Structure formats: C-alpha cells, structure tokens
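A.B. asks: Here's a structure for you.
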Amino acid sequence: MDGSILRTWEFLKVEGLQGLVKIWPSPLSLVAWKIISGYAVFEAALQLLLPGKEVFGPISPMGNRPVYKENGLAAYACTIIAYLLIWRLGVFNPAIVYDHLGEIFSALIFGSIVFCLLLYIKGHVAPSSSDSGSLGDPIIDFYWGMELYPRIGKSFDIKVFTNCRFGMMGWAVLAMTYCIKQYEVQGRVSDSLLVSSVLMLIYITKFFWWESGYWNTMDIAHDRAGFYICWGCLVWVPSVYTSPAMYLVNHPVNLGAQVAWSIFFAGLVCIYINYDCDRQRQIFRKTNGKCTIWGAKPSKIDAVYVTETGETKSSLLLCSGWWGLSRHFHYVWEILAAFFWSVPALFSHFLPYFYVIFLTILLFDRSVRDDHRCRSKYGKYWVEYCKKVPYKILPWVY
C-alpha cells in the first residue's frame, strides 16, 4: 500500500479478512527460510567460535552470576565484511533479501512463535539455572518467559543470540541491504537513505562496542526469555527498527548537502551522548565507584539488598554526571537519535516515524517498570536515590 495507513484501511474495508489473507506473503517460502537459516547458523557459529574475554553479568535474583564471552564486536565486523564480500564477489546478491522481505518477515513472525513455544517447554523440562519457574499462568509464562538465562549447553546463551546476534546484527545487515538494493535499481544511493543507514550502523557499532554493558540492562538481567523479549528481537527489531531506511528505498528524498550533513551531525551527537551515559555507568561499576565523573569524585549511594535466596548483597547507585540529571537520561538521546535517522524521509508519510513513536512509548514504559523493580529491590536506598535524582527521563519535566 506504498506505506499508506489510509490506503491499507480502505483496502481492508472493501476486501476484509480475505483480502488480508490474499496479500499476506507466504511464511513457507523456501528462499526466505534458506536466507534465515543461513544467517542464523552463521551468527550462532560466530557466537560460539570467535574468541573473547570472559565477562561476568550482574548477580541475579536467585544469587547466580552468568558468564559471557565478549566477542560481539568481532562478530559484527565479520558479518559486515562477509556480507559485503559475498556481494562484491558475486556469490550472493543482497537485493534478493529485499525482494523477498515480505516472505522473510512472515516466516519470522510464525517461526519465532514456534521458537518461543520451544523456550516455554525448555523452561518446564530443562531449565538452565535456578532463575526459572512458572509464574502460575501458562499465558503469562509464555509471554514473559520461564527462564532468565536459558542456555544450550554451558556456553551458548539464547538471549545473547536472539537479542544481540540475530536482532541487532540483523538490523545492520538490513540497513546495508536497503542501500545495496537502491544502488542496484537507481545506480546511486540517495543522500536521505545514506544518512539514515549510516546513523543506524554507527548506533549498532556503538551497541556492539558496549555489548558487555548491555548484559547489565533490564533486557538481559531482568526480563525473562519469553515472547515479549525474544519474539520482539527476532521479528520486531529486523522489521520495525529498520523501517525508516526500508521506506526510503522506494521513496528517496533529495536532501541536499547542507540538510543531509546537519541531520547526520545532529544524529551523531545524540549517539555519542547516549554512549557516554552508558560508558559513565560502566566505568563507575567496574571501578566500584573509585573513578572521576566529569572531573570530580562521583556522588553515590551504597545500597544493600537481599536476594530471593536470602543472601545480603550490596550495590552502588550513581547520582552524578549524566545520571545526576535524570534516572534514565540516556533514553532522551536514544529517542533523538532514532528521530534523526527517521527524519531524512521528511514528512510526507507517517510510516517512517512509527519506530521512533514506538520507541518513545517503550522507553517511557521501561522507566516505570525499572522504577518499580528498583523500589522493590533497594527499598529505602531507592527512596534516597530518588530524592537525589528526582526525574525519571526528562530533567525538570518528567
């Protein structure tokens, strides 16, 4: 429907459910499943075989501490180089991915539901750690997940694969795919698509540079491996997160050098500040607070909490630097970065902005969930922290 919600609505009003079934791409496409399985096997092999430093995750509610192999940046570099090489050497044309995109997304939608069902069964019959168990309702168990850290064997972490190596890596692969497709059709890549895709790739590079920090976030350390997080990373990230660049393949905008560079540098600043927020907290945690933040000794709270197994643990809460402005100040810059890689499409359609609107809702909801979780975990220490840092996301506003 050329990215038009109104045209889609008019079509469905006339054709109804039968019309939707008629235009829905087949989830049984052999080409789609070859592409998905080849990509998945390649990324799983990189996750298992590439060397990397041993990194410890945060202590779980049951007192466990997961161990990871930090090789995401190497896997990212291998993926980018391999994808460009097989294109330039004529082994595989990435434009085929774009031509079968509907079938690939359709296959991922249904295939990932089956994957989540297998995770649900695994959580019942063969959990990987004591951080698992039923929440009392099979629907809730399927949606939120049965396990916090599901693994195959000792070394293959399923959430690292779904979240990082399939979802985030797929975002990068598709951003390049869209540029290659436009280049093959039009003989050039428009400045709008180039700005959008390059900003996405810089953001994803930042993600894999900081991957060990991601393992301390809510996605990995608190959200279980269920439909919510795994289906989201397997389906939603490759489809919705890439949608601004996807739209620009067939709707290129000629921005001109001045506008293109202005958008690019604005997006670059947002990505850097988002990274610097995460970097500050990571250094603070690694040094146990014995560092400087913006040239001064950090303000902190020594919080004591009790795990679900009754063990007493301690944690440091950072109250200065970016983290003194609001409790989730990095969300501001993540939303702005998403806006700047969406805005090259300008304002003729709503579709390129669906992702940034969704992201805003997601992060504001996450700030509320995180606040409830931390209040339950840290008690009076969290109350003290909220007095020192009263704003959730936007300083002096929210």
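Note: Cβ is positioned from N, Cα and C throughout, glycine not excepted.
Bear in mind that the values here come from a model prediction, so they are computed numbers and not experimental data.
According to TrEMBL:
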- 73-92: transmembrane segment (TRANSMEM)
- 104-121: transmembrane segment (TRANSMEM)
- 160-180: transmembrane segment (TRANSMEM)
- 192-209: transmembrane segment (TRANSMEM)
- 229-249: transmembrane segment (TRANSMEM)
- 255-275: transmembrane segment (TRANSMEM)
- 331-347: transmembrane segment (TRANSMEM)
A.B. asks: Go through 104-121, 192-209, 255-275, 331-347 and flag the stretch with the largest number of C-beta pairs under 8 Å relative to the transmembrane segment (160-180).
C.D. replies: 192-209
A.B. asks: Of the listed stretches (73-92, 229-249, 255-275, 331-347), which one yields the highest count of Cβ-Cβ distances below 8 Å with the transmembrane segment (104-121)?
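C.D. replies: Ranked by Cβ pairs under 8 Å, first place goes to 229-249.
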A.B. asks: Any residues 6+ beyond the ends of the transmembrane segment (73-92) with a Cβ under 8 Å from its own?
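C.D. replies: Same-chain residues near the transmembrane segment (73-92) but 6 or more away: 42-43, 46-47, 50-52, 165, 169, 172-173, 176, 180, 204-205, 208-209, 211.
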A.B. asks: Which residues of the same chain, at least 6 past either end of the transmembrane segment (192-209), have a Cβ under 8 Å from a Cβ in it?
C.D. replies: 72-73, 75-76, 164, 168-169, 171-172, 175-176, 178-179, 182, 242, 244-245, 248-249, 252-255, 260, 263-264, 267-268, 271, 274-275, 337, 340-342, 344-346
